[in-house]
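Quick look at what TrEMBL annotates:
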{"type": "DOMAIN", "residues": "51-489", "note": "domain 'Major facilitator superfamily (MFS) profile'"}
{"type": "TRANSMEM", "residues": "48-69", "note": "transmembrane segment"}
{"type": "TRANSMEM", "residues": "90-115", "note": "transmembrane segment"}
{"type": "TRANSMEM", "residues": "127-145", "note": "transmembrane segment"}
{"type": "TRANSMEM", "residues": "152-173", "note": "transmembrane segment"}
{"type": "TRANSMEM", "residues": "214-237", "note": "transmembrane segment"}
{"type": "TRANSMEM", "residues": "304-325", "note": "transmembrane segment"}
{"type": "TRANSMEM", "residues": "337-359", "note": "transmembrane segment"}
{"type": "TRANSMEM", "residues": "366-385", "note": "transmembrane segment"}
{"type": "TRANSMEM", "residues": "400-420", "note": "transmembrane segment"}
{"type": "TRANSMEM", "residues": "432-454", "note": "transmembrane segment"}
{"type": "TRANSMEM", "residues": "466-483", "note": "transmembrane segment"}
Amino acid sequence: MAIEQKDAESPIEVHKLADHKITEEAREAINLEHQLTFWEAVDLYPKAILWSMYFSLGVIMLSFDPQLLGNLYAMPAFQKDFGYKYRDGYLISAAWQTGLSMGNPIGQVLGALAAGYPMEWYGRKRTFLACVAAVGGLIFIQFFARSLKVLLVGELIGGLVLGAFVVIAPAYASEVSPLVMRSVATSYVNLCFVTGQLLGNGVTAATKGLTSHWAYSIPFSLQWFWVLLILPGMYFAPESPWWLQRQNRIPEAEAALRKLSSPKVNVKVVLAQIIETDRLEMQMQAGSQYRDVFRAVNWRRTEIAIGVYSTQVLCGIYLINYGTYFFNLAGLNTDQAYNMGIGFMAIGWVCTVLSWWLMHRFGRRTLYILGLALMTVIMFLVGILDCIPRKGSLWAESGLLLLWNGIFDWSVGPVAYAIFCEVSATRVRSKTIAVATAVQALVGIVMTVAIPYLINPDQANLRGKLGFFFGGLSVPCLVWCWFRIPEMKGRTYEELDVMFERDVGTREFGGYVI
């Protein structure tokens, strides 16, 4: 086989091999990928699935932190220790809620963009290890914080590191998973988001009755559990074969593929496809720097990645981060508000798992657009119900938001990760994901500033009327999605490179024949 030769020491010589022999092997690999069924992929690539799940564990920490913070605003002990006297209780001011909640998205902007460099210099594995170790140290700031200023520092610095996880996890998952498993592996990132949110709701619901600082210190300390769970596995984790191939470390890439697959898989053929795809992108001049993300050859792909990810925020997901606090302000007592928050995330968890089958059956475009359309209608209904208050309307609004969250987690939530991993060129995947994450976080900063002032009783006190706000933002997002999101189900990365190079129309992607 051509890949076994020492020609791998020179990228030029590798490309010569690709021209003569690897092209046929790549074609064989593409045909095999198209023929592979879901359960055959599970049988052939069980270790790839498990390792992609392992690298996604950092996302649980990323989502746990802001969800935890949003719930603490409704916790009596936290309100008393960090807030001011308001009516019969205590309240964290809108200004401080904004400041604290901005730590995570601001950190994500900088952390996501910064992660693109070490991921290309040192690989996915070493970058992930460094970030997990850093988070383990930074948790001490949150745990020992006894003032809003110290807590703000912990949230801001912690967000810098946590922001890298949302770049590392989908990039790694998309690079180690076979075609038929790609939607599951990448959308599993959304399941980790929901898991972190569910755990944040569950932990704070369990400690909300404590009257000492342990009511919020215990939830902060539980973040160490994930650090201790992840670190021992780093020694055994395989590096991404796509990254190793780009570093011209062909034997190591082949070894990584062996670690990720069963002995039944012909890893030389798989490696040939990786080399061929990289060669094609070099011919297209796709580049591998941040500036290449915005070049003409990649811009359409970058726009789609940014659009589908930012729509998550614009359609209202940040309101869910304030779910428990929202229900508390809307009139539910503390126990009811926390129980509703847990119900939110439990429904979301089940619906994310459901999305795996739905994406395999209906594809990305249909699922994303249908889900967003339904969510837009629901948001307007929530706003209307809040304008005509009557007995039972509070529970009706809560039920509609529960339904909204369920739809989000079988459509816009998980499908966005599948789309922005598939749409990006392999050479700039980590940087495309980083840019999309940074833009989404910037939109999130705007929401983080706005929501406390829109929702707090000492400010606008809009409550359910926020449905009009998010419903209105969802309409232009829906129009954009109709005209810009292509169907990429069942396409290999090489096929997608060709289709974008040929500028295939958005609604022609599904039936396009190469």
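Glycine is no exception: its Cβ is also placed from the backbone N, Cα and C atoms.
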Per Cβ pairs under 8 Å, the stretch of 48-69, 127-145, 152-173, 214-237 packing most closely against the transmembrane segment (90-115): 152-173
Chain residues outside the transmembrane segment (48-69) and at least six past its termini with a C-beta under 8 angstroms from it: 42, 100-101, 104, 124, 128, 131-132, 135, 155, 158-159, 162-166, 168-169, 172-173, 176-178, 181, 184-185, 188-189, 192-197, 199-201, 203-204, 219-220, 223, 226-227, 229-230, 233, 237-238, 260-261, 321
Region pair the transmembrane segment (152-173) / the transmembrane segment (432-454), three or more CB pairs under 8 Å: yes
Recorded stretch that, among 127-145, 214-237, 432-454, 466-483, has the most CB pairs under 8 Å to the transmembrane segment (366-385): 466-483
Segment confidence, the domain 'Major facilitator superfamily (MFS) profile' (51-489), expressed as mean pLDDT: 85
For the transmembrane segment (432-454), sequence-distant contacts whose Cβ falls under 8 Å of one of its Cβ atoms, 6 or more beyond its ends: 94-95, 97-98, 101-102, 105-106, 108-110, 112-113, 115-116, 163, 166-167, 170-171, 290, 293, 298, 301-302, 305-306, 309-310, 312-314, 318-319, 322, 420-421, 423-425, 460, 462, 466, 469
Beyond the flanks of the transmembrane segment (214-237) by at least 6 residues, Cβ under 8 Å: 51, 54-55, 57-58, 60-61, 64-65, 68, 72, 75-78, 81, 125, 128-129, 132-133, 135-136, 139, 142-143, 199-200, 203-204, 207-208
